[in-house]
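K.L.:
Annotated S-adenosyl-L-methionine binding site per TrEMBL: Ser125, Asp151, Asn182, Gly183, Ser200, in sequence order.
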Amino acid sequence: VASPSSYASLSSCCYNCKGNSTDRSKKDIMLISSRIVRSSPLSSAAEQPEQKYTHFGSKTVLKSTKQKLVGDVFSSVANRYDLMNDVMSLGIHRLWKDHFINKLDAGKRPNSTTPLNFIDVAGGSGDIAFGLLDHAESKFGDTESTMDIVDINPDMLKEGEKRAMEQGKYFKDPRVRFLVSNGEKLEEIDSDSKDIYTVSFGIRNFTDIQKGLNTAYRVLKPGGIFYCLEFSKIENPLMDFAYQQWAKVLPVMGSMIANDYDSYQYLVESIERFPDQETFKSMIEKAGFKSAGYESLTFGICAIHWGIKV
């Protein structure tokens with residue numbers, strides 16, 4: 001497994017209608033031929049664009065509707081996001097996130113004159129973004145690097161702003177921007193403009209994950225790091241069996257604790273749908289990243305993935 005090493009220590013009918021012209025005029029033949037083409041099932045299929053579908057948990061939905069469906073889920077859980085993660089991971093997500101930040105080890109080094117430009121996608125709650133900035137400051141004395149916190153859901157971004165205000169740090173900070181944007185496009189972000197791209201427990205909710213990875217590659221500078229924390233596939237059969245039993249209970253607990261069965265059911269199903277470690281690594285490489293690798297955490301319940309833009 002490779003390890004990133006840049007700004008951090010890890011641092012792709014025609015119908016040939018042939019008529020018998022012996023008894024028909026040329027005009028009649030052309031008329032009959034055109035009727036055959038118009039009435040052909042193959043011609044009709046060619047004229048109508050194929051509908052594009054994707055998954056929403058265990059359901060199959062139109063791609064055009066998934067964004068709203070996912071948005072409804074996260075609007076529903078926004079003000080209980082930490083509680084949701086505590087329930088789904090038994091609180092271990094906090095340890096995973098700490099390890100994620102420490103392993104990346106990003107920040108402007110004391111001998112550097114150029115601050116880093118971070119982007120944290122699907123990061124509305126702010127916990128990863130603020131953690132990265134705190135780490136850069138405490139370890140490297142970096143108080144200059146910038147952070148764009150991007151989320152497609154305004155309700156999640158409001159929670160991040162609320163968190164910043166409550167902790168008295170990063171609220172209305174000129175180094176920190178909260179942006180409502182689609183992670184598959186990031187139209188507001190210039191190409192080759194970011195040093196570090198992070199996404200934590202968010203990329204599995206993208207309608208088109210590969211498109212999101214391609215966009216991550218676009219916005220990163222050469223030498224920039226893609227760094228992702230996401231639920232993955234458990235490698236130990238006994239642990240996997242135990243997790244499957246726990247997953248059956250999670251929606252019920254969501255109903256009891258947050259009065260929200262459906263959102264928790266979707267989140268469990270979205271984890272099941274997400275690619276395994278090797279498949280996701282291949283997708284990162286397909287986007288153009290080099291030195292792609294991963295580290296499985298807690299028997300593979302989740303994993304850290306990375307890649308370098310060269």
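Glycine too: its Cβ is placed from the backbone N, Cα and C atoms.
No curator has checked TrEMBL annotations; they are predicted automatically.
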K.L.:
Using other CB atoms within 10 angstroms as the count, which residue among the binding-site residues Ser125, Asn182, Ser200 scores least?
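P.N.:
Result for the binding-site residues Ser125, Asn182, Ser200: minimum number of other Cβ atoms within 10 Å at Asn182.
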K.L.:
Identify, in sequence order, the residues in the chain of Asp151 (S-adenosyl-L-methionine binding site) that are 6 or more apart from it along the sequence and have a CB within less than 8 Å of its CB; answer 'none' if there are none.
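P.N.:
Correct list: Val121, Ala122, Gly123, Gly124, Leu157, Gly160, Phe178, Leu179, Val180, Ser181.
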